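Student: One structure follows; several queries about it will come next.
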Amino acid sequence: MTRLDSVERAVADIAAGKAVVVIDDEDRENEGDLIFAAEKATPELVAFMVRYTSGYLCVPLAGDICDRLGLLPMYAVNQDKHGTAYTVTVDAKKGVGTGISAMDRATTMRLLADPDAVADDFTKPGHVVPLRAKDGGVLRRPGHTEAAVDLARLAGLQPAGAICEIVSQKDEGAMAQTDELRIFADEHDLALISIADLIEWRRKHEKHIARVAEARIPTRHGEFRAVGYTSIYEDVEHVALVKGEISGPHSDGHDVLVRVHSECLTGDVFGSRRCDCGPQLDAALAMVAREGRGVVLYMRGHEGRGIGLMHKLQAYQLQDAGDDTVDANLKLGLPADARDYGTGAQILVDLGVRSMRLLTNNPAKRVGLDGYGLHIIERVPLPVRANAENIRYLMTKRDRMGHDLVGLEDFDEAVPGELGGAV
């Protein structure tokens, strides 16, 4: 596995006017870009970039900068397979020659990052390619465009970067891959980070949820307080069902019974027996109600362990043909578990949870939440509800995904009822 540097080092280097190397997912472009802050552009930096990259130099910009400078899309209907938002090319109107030299392009880059620049300061077309970054950065789109803008912003600079793909020194007709990028970064004393690490860093260090509403929800397990949240950078809504006082005059937020439940339309709503999601949700509500204090956090966007409803149905189709739940996902080119718990962790912190007893049979969920500063003092198992339709699925979760599901070996399809009984 390729050694990566810290996001903190990359941000510090960007602030100091150095370049960094950023790699994306191997299932996406699988390339590394040389990135520096546009306002720090120098002829030397641009010349270095031209020497070791494809030479197609781009300047990612925050959307409001593109609007202020009148940078319209290069083509009305974006057909780029990765959704890169190219705008019309530009040169600085003053202080440049033909616009193509390292000195000229550095001038244009700095001007694009100048907060006082206006549309009339540029000629179009030109030799620098501005790119429009998605609002929300890598949390909305895991691309180099957004990574460059995020790094500049985190460095305290204008949200404008300079990027270009690094070419292979072994095969000049190809782009450099991860191992070669590590060697390149070491040779030139550059930080090497991944977009995945930048996403994780932002999820840990920035608040990206908003509390929207609270209402009383009477259920068959008693009354809960429903607290609604939105993810600021994603079109996803979540709801926490809260029982009792989590933190306040009479509670310190510690030792809270918590269930983080992933949305499952088929199991939670339709009562599908292919999974145990519906019974787990019901059991969690009952256990929190009996406790008199706790949270059941319902995470939207986690359907099918994060792959979405349609992909889940496609995975079911493969399972009907003989694949297990893990292999079905992999055959679709999807991870066995794509869930991220950063949003859930922020919601729990906002509710006042400081330490908790986590209701789950999935040890990975504990790791996913623990990484965000929440102290998990105990993992409380949920009852196992096996039936003839889900027994193979549950055994796969136990044997291949490490879920702690005790008693599955006692399941007997010939015996009526479900293993686990009523809660």
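Just so you know, the numbers here start at 1 and follow the chain as drawn.
Cβ coordinates come from backbone N, Cα and C, glycine included.
Remember, predicted model here, so these are calculated numbers, not experimental data.
Swiss-Prot lists Arg28, Glu29, Asp33, Arg141, Pro142, Gly143, His144, Thr145, Glu165 with the feature D-ribulose 5-phosphate binding site. According to Swiss-Prot, the feature Mg(2+) 2 binding site maps to Glu29, His144. If you look up Swiss-Prot, you'll see Glu29 marked as Mg(2+) 1 binding site. The site 'Essential for DHBP synthase activity' annotation in Swiss-Prot covers His127, Glu165. Taken from Swiss-Prot, the feature region 'GTP cyclohydrolase II' covers 205-423. Here Swiss-Prot flags Arg259, Val260, His261, Ser262, Glu263, Gln280, Glu303, Gly304, Arg305, Thr325, Thr360, Lys365 as GTP binding site. The feature Zn(2+) binding site is assigned by Swiss-Prot to Cys264, Cys275, Cys277. Annotation source Swiss-Prot lists active site, nucleophile at Arg339.
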Student: Hey, for the Zn(2+) site built from Cys264, Cys275, Cys277, who else sits with CB inside 8 A of the CB center?
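Tutor: Close Cβ neighbours, site residues excluded: Ser262, Thr266, Gly267, Asp268, Ser272, Arg274, Asp276, Gly278, Gln280.
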Student: Using DSSP and three states only, what is Pro142 (D-ribulose 5-phosphate binding site)?
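Tutor: DSSP call for Pro142 (D-ribulose 5-phosphate binding site): coil, neither helix nor strand.
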Student: His144 (D-ribulose 5-phosphate binding site): which of the binding-site residues His261, Glu263, Arg305 is the nearest Cα neighbour?
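Tutor: Its closest listed neighbour, by Cα, is Arg305.
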Student: Which one is it, among the binding-site residues Asp33, Cys264, Glu303, that lies nearest to His127 (site 'Essential for DHBP synthase activity') by Cα separation?
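Tutor: Given the candidates Asp33, Cys264, Glu303, the nearest one is Asp33.
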Student: What subset of the binding-site residues Glu165, Cys264, Glu303, Arg305 lies within 10 angstroms of the residue listed as 'active site, nucleophile', using C-alpha positions?
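Tutor: Those near the residue listed as 'active site, nucleophile' - Cα within 10 Å - are Glu303, Arg305, in sequence order.
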Student: Would you list, in sequence order, the binding-site residues among Asp33, Pro142, Glu165, Arg305, Thr360 whose CA lies within 10 Å of the CA of Cys264 (Zn(2+) binding site)?
Tutor: Arg305
Student: Measure from the Cα of Glu165 (D-ribulose 5-phosphate binding site) to the Cα of every one of the binding-site residues His261, Glu263, Glu303, Thr360, then give the nearest.
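Tutor: If we rank His261, Glu263, Glu303, Thr360 by Cα distance to Glu165 (D-ribulose 5-phosphate binding site), first place goes to Glu303.
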Student: From the Cα of Cys275 (Zn(2+) binding site) across to the Cα of Thr360 (GTP binding site), what is the distance in angstrom?
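Tutor: Rounded to a whole number, the Cα-Cα distance is 15 Å.
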Student: Nearest to Glu263 (GTP binding site) by Cα, among Asp33, Pro142, Cys277 (binding-site residues)?
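Tutor: Minimum Cα distance from Glu263 (GTP binding site) across Asp33, Pro142, Cys277 lands on Cys277.
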Student: Please work out the mean pLDDT for the residues of the region 'GTP cyclohydrolase II' (205-423).
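Tutor: The predicted confidence over the region 'GTP cyclohydrolase II' (205-423), as a mean pLDDT, is 89.
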Student: How long is the line from the C-alpha of Arg305 (GTP binding site) to the C-alpha of Cys277 (Zn(2+) binding site), rounded to the nearest angstrom?
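Tutor: Spelling it out, the Cα of Arg305 (GTP binding site) and the Cα of Cys277 (Zn(2+) binding site) are 11 Å apart.
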